[in-house]
Every structure is written in structure tokens, then in C-alpha cells.
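Student: Sharing a structure below in C-alpha cells format, with a few things to ask.
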């Protein structure tokens with residue numbers, strides 16, 4: 001079974017989308033093995049988005065992700081990384097397929113409701129940033 005890191009970003013939490021997104025995850029058959037609502041510190045945000053540090057939008061990205069609570073989720077299931085990314089849809093909601101989370105709920109590329117790891121390496125790194133091993137179900 002593959003594990004991945006998923007996040008409901010501040011815009012999704014603020015708009016009350018957490019129950020709907022969790023329902024979609026469970027309906028798809030993924031197992032939630034870790035879940036916490038939290039505020040992300042600037043330090044954690046900068047570590048999480050380290051690959052974007054040199055990009056012009058880095059500061060705005062860190063400001064946004066620290067602007068309110070997020071829901072950090074550890075998912076487990078067959079092809080969880082690709083499956084969760086397919087459920088989210090394209091980063092730009094205008095390009096997201098109908099029925100995806102971003103097509104249904106995102107307003108802009110910057111405030112696009114969800115995050116998901118893009119590779120096994122990213123999933124392992126991001127899960128370790130947001131969860132201790134003893135916080136995850138076996």
C-alpha cells in the first residue's frame with residue numbers, strides 16, 4: 001500500500017470544505033492514517049515549499065499557507081499519490097477536469113483548496129514534516 005500526504009489549505013478550511021473533501025477521500029477507498037487540523041509556522045511552510053524558494057511567488061505562497069488553519073492528512077491506498085492528485089485536479093482550477101476538487105471548489109491557482117505530494121520521495125518528506133511516526137496508524 002502506498003502512502004501520500006494531502007492537505008486542505010486555509011481557503012478550503014475557511015470555506016467549510018473539510019467534511020466534503022474527507023467524504024470524497026473515503027468514498028474513493030483511501031484509508032486516512034493520520035489527520036490533524038493545525039496552524040503552519042513560517043518555518044514549516046518554508047521547509048514544506050523549499051523547492052519553490054527561488055520562485056517569485058514563494059513569499060505569497062508562504063503567507064497564504066500560514067494565513068489560517070490547514071488539515072494535514074496521511075492517506076494510504078493503491079496508487080494513493082497519483083489517485084489523490086487525480087482527485088484534486090489541475091493546479092489551475094480553469095484547467096481542472098469536471099468533478100475534481102479544484103474544478104468544483106477552487107477559485108484561483110493560488111487558492112486552490114488542496115495540496116498533494118507529487119512523488120514517492122515528496123510523499124515521504126512531506127509526511128515526515130507533518131506527522132511523527134507514532135501519529136500514524138499502522
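Yeah, the Cβs are placed from backbone N, Cα and C, and that goes for glycine too.
From Swiss-Prot, for reference:
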type: BINDING; residues: 9, 57, 85, 91, 102, 112; note: ATP binding site
type: ACT_SITE; residues: 115; note: active site, pros-phosphohistidine intermediate
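Please go over these features one by one and say how buried each is and what sits next to it.
Tutor: There are 22 other CB atoms within 10 A of the CB of residue 102 (ATP binding site), with all protein chains counted.
Look at residue 115 (active site, pros-phosphohistidine intermediate): DSSP puts it in a strand. Cβ neighbour count for residue 115 (active site, pros-phosphohistidine intermediate): 23 (other Cβ atoms within 10 Å of its Cβ, all protein chains included).
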Student: Could you tell me which of these binding-site residues, 91, 112, has the fewest other Cβ atoms within 10 Å of its Cβ?
Tutor: 91
Student: Including all protein chains displayed, how many Cβ atoms other than that of residue 57 (ATP binding site) lie within 10 Å of its Cβ?
Tutor: 12
Student: How many whole Å apart are the CA atoms of residue 102 (ATP binding site) and residue 115 (active site, pros-phosphohistidine intermediate)?
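Tutor: Residue 102 (ATP binding site) to residue 115 (active site, pros-phosphohistidine intermediate), Cα-Cα distance: 10 Å.
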Student: So which of the binding-site residues is most packed in, judged by how many other Cβ atoms lie within 10 Å of its Cβ, out of 9, 85?
Tutor: 9
